[in-house]
Structures are given as C-alpha cells and as structure tokens.
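> Sending over a structure as structure tokens; questions will come in a sec.
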Amino acid sequence: MLFNKRTERIFFWVFFPLALLMPLFLAENTFFVSKLTSIMIFALFVMSLDYLVGRCGLITLGHAMFYGLGGYLFWMIAPEYEAVNFWVYTFYICMIAAAVALIIGFLVLRTSGIYMIMITLAFAQMAFYFFSDSIEFGGTDGLFIYVKPETSIFGLSFFDLDNPTHFYYLCLLSLFNTLIFFRILIRSRFGRVVDAIHENPGRTTALGYNIFVFRLMSYVIASALGAYAGYLFTLQYGFVNPSMLAWTTSGSALVMSILGGMGSIYGAILGTFVYEGLHYVLEHLTEHWMLFMGALIIAMVMVFKNGIAGSMEKLLEKRT
Amino acid sequence: MTTSLFLVQLINGLQYGLLLFLIASGLTLVFGVMGILNLAHGSMYMVGAYLVWYFVEHTGSFGLSALISAVIALLIGILMERTLIRQLYRRNHLDQVLLTIGMIFVFNALQGLLWGNDPLGVAVPSALSSAIPVTDVLEYPVYRIFVALFCVGIAALMYFMINKTRLGMLIRAGESNREMVECLGIDIRKLYTIVFAIGVMLAAIAGVAAAPMSSIVPGMGEHILITCFVVVVIGGMGSIKGAFIAALLVGLVDTFASILVPQLSSMMIYILMAFILLIKPQGLFSS
C-alpha cells in the first residue's frame, strides 16, 4: 500500500475530494480560488523542504533560493512575447535547477548540522543579493511575465492558465503528483537507504552505502521540486521578485513543515494550510498579527512537538 | 584611491567590524557555552536601539539612556532564558531555530505596537558630536572613533573576564564538559542564565552604540543577524577569538567591496564565507 498509516489515508481521502469540489462552491469568488491556489503552490514547496529536513535530516535555511530560481529561470529562458509550452518549460526549469543544486549540494553537503544551516543560508543570501542588486534582473522590483505559457500536449489543451479555476486544478494536480511521487520515493529502495542514513549515518556507511551520493540525490530532487513551485508562483502572479528568495521565505516554510509534522510529507499540506489560514484570519483581525503568530510558534515548540500530523496519528492510530 | 580616502575607509571598516564583533561575540558565546543557536539575537540589537531612542526622548541624556537600556536588556535576557530557552537544552537545533524565529515575530510585533514603524533617529551626544579634519574636504566624526574604542574596550574586558576570572573559568569549563562542571557542584543553570543574559546585553549595547550612526528602522535586527552569522561561521562557532578576527575581516571586506566592486558589494561577505567554509568547513578557529 502506498500509505502505511491510517491517518494518512484519511487525510488523502478527505483533502483531495474536497479540494477537487471546492471551486464548484467558490465559482463566483475568484479571490478565494486564487488564494487557495497560492497556498497549494507553497504547500508543494514546503513538501519538498519537508522531505529534505524531515526525511533526510538535512536542515537547510536556504531552500527559498530554488523557489526564486524557478521564477527567474523562466524569465531568463522563455521568450518575452511568445507563449511557450508549459510542460516543456517545466522540464527545462527542473533540469536547470537540478544542475544548480548538484553543484551547490556538492559544496554544501560537505558540512553538516549547524554549519550546513549557515552555509545554505549564505548561498541563498548570495542569490538574493545577486538578483536584488542587478539592474538586468529588475533589482528589488523584480520582473513581469507578460505572456503565460500554453499547456497543450499532443495538440490537446486542458488548462488555460489565464483562467483562475484552470490554474487551480493545475496546481492541485501538481500537489497530488508530488505527494504520490514522494510516497513512492520513500517506499523505494532509495527511500529506505535515505531513512537509514537519517537514523544512523555511521552504520549505513558500514553497510557499504555511499551516504554522500544519497544525500546529494535527495538534495537535487527536493531543489528541483522547490524550483517547480517557484515557477508556478511566478505564473500565477505574473511576476518574479527577490523577496521570493529572502531568508524569511525559507524560515516560514520551515515553520510550516514543522507545524504540519516533520518528515510526514502530507503534513506539509496540513501545516501550510493551517499557517496560511491563521495568518489570513489574524491579519484581518489585527495589524499586530505577528504577535499571535510568534506566540503560536513558541507554544508549538513547547507543547506540540510532533506537529499536526503527529498529534492526529496519536489520536487515530490503533494502539498496538 | 587617495591615501586619505583609503585611511578613512580603513577606519570605517575597522569600526564596522568592531561593532559586528560586539553582536557576534554574544551569539558565539551563547552557542559555545550553551549549544543554543539564538536567531532572536538580532532582535535584541533592534531592542537596544529602540530603547535608547525612547529614553533619550524622555531623559535627554544619552549616557543615562544607554545605561538604562543595557540594564533592561540584561533583565529581558534573564527572563528569556528562565522561561523559554531553558526548555531547549536537550532539544535539537531545529527546535531552537523554530522557537527563536517565534521570538523574532514577537519582538517585531512588540516594536510595531510600542514604537510604530516609522524610521527614528537619535542625535549624537553633544560631547562627541565634533569631527576631526582629515584633509581640507574630508573629516571624520569623533563619535565613530569613540564607538570603535568602546568596542575594543569591551573586547579587552571580555578577554580578561574569560581568561582571568572565576566566572570565565566556569564558562570555559562549561564549554568543554558540562556534566563534569555539574559533578563538581557548580549550578550550571545559574551559569547559563548569566551567559545568556550577557550575550543578549552585548547585542543590545551594540544597538545602543549604533543608534546615533544609523536610522532606527523595523527589520534592522534581521539584517544585522545574518551578517553576524557570517562572522560567527567564519570565525568558528563558539570561538570568541575567531569572532573578533572574522568581524574585522567582514567589516573590512564589506567596506572596501562597496568602493572597489560596487556591483558585488552585498554578495562579497557571503562569497568570503562560502570560500572559507570550503577550505575549513568548521571555520577558522573552531573549538
């Protein structure tokens, strides 16, 4: 079975049918459709981070670098006034991001623990200043994307990216595929070795695995998916700017992933929806929403150690 | 570049580096002794600057305001350690990162609540407001030289405290083996409270010192925090000597990069950090 926990199956069968039907209820309200779309895009990004931090034990504070890179790469490689094919460019962007991640990962993964947190942050800051200081990339204002890609495969086009509801379904499909992909990856032989490395790197090495290669592969996969999320963000809003790569983006993604339940993958969706939902509600109640958000984060670390997924599992799993 | 301009920039770089040392030393001390990565450290820099602004508005005296601000920072530090940080000693770095991110949110919200989001400024204290002429057109403010000397003084004081006093001996012992210190009958919890509060106070003092030189704005804490990370990582986490040398290095590189390679100036210190970590993954002076 793809999901080995009951909680995960329940989540799967509640979330996806609900998300599938949601636009039918919100047909009039395009604001909520695009709000939910942007949350799903960020959930995809958080999921890739959750795999890296929770599954591989590689704590990074620089994951937003790839989120931003996804957006800037599209601007760089796509012609400005011509609609390109969405699927082809998805492939290009993921491949280029993977190549960048291969080089950076090769350097970053030489360090570990606290040093890795710092050096990933350093690379992300470098990228941040590179884009925010250069005139060619629009500086702090960023850049506009004038033409959105078309999505035909073999002449058939299912999604019109200018239509918010179509874009919503494209993002839902992406989120669904990413979740399934990570589940398959975790259950595969590769995923088992990654879990073993997280558990005990020394012993895994002794068993004859080159742990550096497995870590590097994981880093590359997570980074490419992070870039894909950034690419979707850019397409949704039609712009890209340096705040996408700011360290606060990495920080809040980390908070969401921990809120959801580190390493559970589906928890990333829960964490992002709860965080963004609270953010939305608090922001409308008071301009000092940060105070409550901060208090919530502190309370979470103190009391609520395994995140939402962990607490749900405690409630729902059969005691053995 | 003329000699006088070079000299002015050299002093600027050193002065900036010394200020960075003041903040980074607290960060590295807390990490070295307690194993805590405090992301809210930069917020205390911000708190220091806002506090001194608030008290200067009310008392009119910079010296008195600075003193009150430092004492308040010390009390905030004790409170933070006693209530929250204490719970984290046996947890992993991820929990520490998360908790201190939560604290950043709280500090930023309180700053907005208490003092608003408009940029503020503190006047340079009148005794130090003159400037020393360097050439016919260039002059150098006395206050900046005073701050540099003050930072050197604090560095010397810290060196003395850590190497010559009983408290310093305990700090060094706590760094190398905390169980053994406890076995010798020393209350390590009290030591941790003291170290954390001193670290926080150093950041706040840096904020106080920087207040008359730069504008006081929301988010100033996060910006300086990231720069201090660079300093601490280059110097080696937990090493005060390393932090001192790295702070001067970062100060000089940052200052000269903005004149010599303006396009790369903001990136330069991160390039430096990446380069050093590739050669020495544990920093220059890792303990």
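Numbers here mean position along the shown chain, with the first residue as 1.
For all residues, glycine too, the Cβ spot is worked out from N, Cα and C.
Note that TrEMBL annotation is computational and uncurated.
Pulled the feature table from TrEMBL, pasting it below:
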- A:36-53: transmembrane segment (TRANSMEM)
- A:58-77: transmembrane segment (TRANSMEM)
- A:89-109: transmembrane segment (TRANSMEM)
- A:114-131: transmembrane segment (TRANSMEM)
- A:167-186: transmembrane segment (TRANSMEM)
- A:207-233: transmembrane segment (TRANSMEM)
- A:253-277: transmembrane segment (TRANSMEM)
- A:289-308: transmembrane segment (TRANSMEM)
> Looking at A:58-77, A:89-109, A:114-131, A:207-233, which one has the highest count of Cβ pairs under 8 angstroms to the transmembrane segment (A:253-277)?
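Out of the listed stretches, A:58-77 contacts the transmembrane segment (A:253-277) most.
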> Based on Cβ pairs under 8 Å, which of the stretches A:58-77, A:89-109, A:114-131, A:207-233, A:289-308 lies most in contact with the transmembrane segment (A:167-186)?
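So the stretch in question is A:207-233.
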> I need to check the long-range neighbours of the transmembrane segment (A:207-233): which residues 6 or more away from its ends have a CB within less than 8 Å of a CB in the stretch?
38, 41-42, 44-45, 47-49, 51-52, 55-56, 58, 63, 66-71, 73-74, 89-90, 93-98, 100-102, 104-106, 108-109, 170-171, 174, 178, 185, 190, 193-194, 196-197, 201, 240, 244
> If we skip the immediate neighbours and take only residues 6+ beyond the ends of the transmembrane segment (A:89-109), which ones have a Cβ under 8 Å from one of its Cβ atoms?
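Same-chain residues near the transmembrane segment (A:89-109) but 6 or more away: 58, 60, 65-66, 69-70, 73-74, 77-78, 116, 119-120, 123, 149, 212, 215-216, 219-228, 231.
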